[in-house]
Amino acid sequence: MPATAEAADAATQATDAFSTKLEENKLPEGQERGPEEEEDDDDDETPAPGDAEKKKKKKKKSGAKKKKSKTAKAVMEQTEPPSIGLTKMFPNGVFPVGEVQQYDETKFDESRKRVTGEELRERERLIQEKDGFNYNFIRRAAEVHRQVRQYAQRTIKPGMSMTEIANMIEDGTRALVEVNGFESGIGFPTGLSLNEVAAHYTPNAGDKRILQSGDVLKVDFGVQVKGRIVDSAFTMNFEPTYDPLLAAVRAATNTGVKEAGIDARLGEVGAAIQEVMESHEFEAEGKTHQVKCIRNLQGHDIAPYRIHGGKSVPIVAVPNLDVKMEEGETFAIETFGSTGRGYVVDSGECSHYARQANPPHVSLRINSARQLLYTINKNFGSLPFCRRYLDRLGEQNYLLGLRHLVSQGVVQDYPPLADVPGCMTAQFEHTILLRPTCKEVVSRGDDY
């Protein structure tokens, strides 16, 4: 779910006052934490940066016993459509590790270059102890995303309605994540943006739109476990005309993932993305198209229970943007390409909303607004939602109250974002975790 330039500024201001333990989202006292990270076999074998040579010289202690590690192993196959919860498939509570990439150590600050591998592994343990975080939370969310999206890729066909597609993805997500209030559930509404619409479209009640064979469909959905959100997106087309557009955007996203890392400057990441994206051009319908970055859409960091944490990752060069990525942060690296002008504006009926992380204290004069805010706090907190989710909860005649919450700054609306009519847009996105010892692309799969 992308950040616009305007939304990024607002998120940055909110971050200054943000506490990861929002009262609305507080987990029950006494809740048990998941398995400790050192039980994950894959991670134990991940060398810390600069540690490989030391390992070669280190002598193995005679008679030393290695602690037996748990591995991520599914004990059953998933159904079609997906319906088996992940905790039943992985009963030991250990979920598949994402793609591990080593950092480019030349980008590290001097202070970090002096840190030993042992110290980095200790930091990794400490990060997981903070607020009860465990890497298996976000890995569980990522495995849900992989299984649901791969079924969606096999199933989505022209002739299906947008509502049918959204329900299929969200029903699968709810089943596999074993939805349980703020403990686990949907991370944000399923985006199904078509053609020139790049982001933030999901069908409202009564939407009759049908997927056509010539459409370019962006599928963007999120999964959360204990507030750790996996945000990942892909694009589908059903005719080969715009295959080169999809290839350009996918390559740009992979470039962003490669360039990201501890101490990486966000402006430099954006410049690398733009260079790759805009090196592509192709012929379609008798015209030559240079792929353009949609310059006012950006990637972003992800905070607990907040899809936009406060930092934005541009997809174009931004001179003098020296903000750095930091150890322990989670980022959504997403890029958007267009055959249009490379700039989006609000377009069409709004469906996406989110309560502000730190809403202002205002007097709500409309009764329906007060009631609706209670429903939002109880069911979503600061997580994004859509009108269909309110319908599902039995809310009725809520539009006046919803508009009042938006006008008072309590709720932020996210209208569909579109480039010029007639153009095509594409999106690919991955969630990455900047661990002390390595970069983990948690949402990576065989599909993208």
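Cβ atoms are placed via backbone N, Cα and C, with glycine included.
Listed in Swiss-Prot for this protein:
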COMPBIAS  1-17  compositional bias 'Low complexity'
REGION    1-87  region 'Disordered'
COMPBIAS  21-34  compositional bias 'Basic and acidic residues'
COMPBIAS  35-46  compositional bias 'Acidic residues'
COMPBIAS  55-71  compositional bias 'Basic residues'
BINDING   HIS200, HIS308  substrate binding site
BINDING   ASP220, ASP231, GLU429  divalent metal cation 1 binding site
BINDING   ASP231, HIS300, GLU334, GLU429  divalent metal cation 2 binding site
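Structural mapping of features recorded in Swiss-Prot.
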| residue | record | DSSP class |
| --- | --- | --- |
| HIS200 | substrate binding site | coil |
| ASP220 | divalent metal cation 1 binding site | strand |
| ASP231 | divalent metal cation 1 binding site | strand |
| HIS300 | divalent metal cation 2 binding site | strand |
| HIS308 | substrate binding site | coil |
| GLU334 | divalent metal cation 2 binding site | strand |
| GLU429 | divalent metal cation 1 binding site | strand |
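A separation of roughly 10 Å, to the nearest angstrom, links the Cα atoms of HIS308 (substrate binding site) and ASP231 (divalent metal cation 1 binding site).
The binding-site residues shown are HIS200, ASP220, GLU429; of these, the one with its CA atom nearest the CA of HIS300 (divalent metal cation 2 binding site) is GLU429. Listed binding-site residues near HIS200 (substrate binding site): ASP220 (candidates ASP220, ASP231, GLU334, GLU429; Cα-Cα distance within 10 Å). Recorded residues ASP220 (divalent metal cation 1 binding site) and GLU334 (divalent metal cation 2 binding site) have their alpha carbons 10 Å apart, per Cα-Cα distance. Listed in sequence order, the residues MET1, PRO2, ALA3, ASP220, SER232, ALA233, GLY299, PHE331, ALA332, ILE333, HIS430, THR431 complete the 8 Å Cβ shell around the divalent metal cation 2 site centroid, once ASP231, HIS300, GLU334, GLU429 themselves are left out.
Cα separation, GLU429 (divalent metal cation 1 binding site) to GLU334 (divalent metal cation 2 binding site), rounded: 4 Å. Same-chain residues with CB within 8 A of the center of the ASP220, ASP231, GLU429 CB atoms, the divalent metal cation 1 site residues themselves not counted, are MET1, PRO2, GLY191, PHE221, GLY222, SER232, ALA233, ALA332, GLU334, GLN427, THR431. Note: the CA-CA distance between ASP231 (divalent metal cation 1 binding site) and GLU334 (divalent metal cation 2 binding site) rounds to 9 Å. For GLU334 (divalent metal cation 2 binding site), the same-chain residues that are 6 or more apart in sequence and have a Cβ closer than 8 Å to its Cβ are PRO2, ASP231, ALA233, THR253, GLY256, LEU297, GLN298, GLY299, ILE315, GLN427, PHE428, GLU429, HIS430. In this structure, the binding-site residues HIS200, HIS300, HIS308 were compared by how many other Cβ atoms lie within 10 Å of their Cβ, and the smallest count belongs to HIS300.
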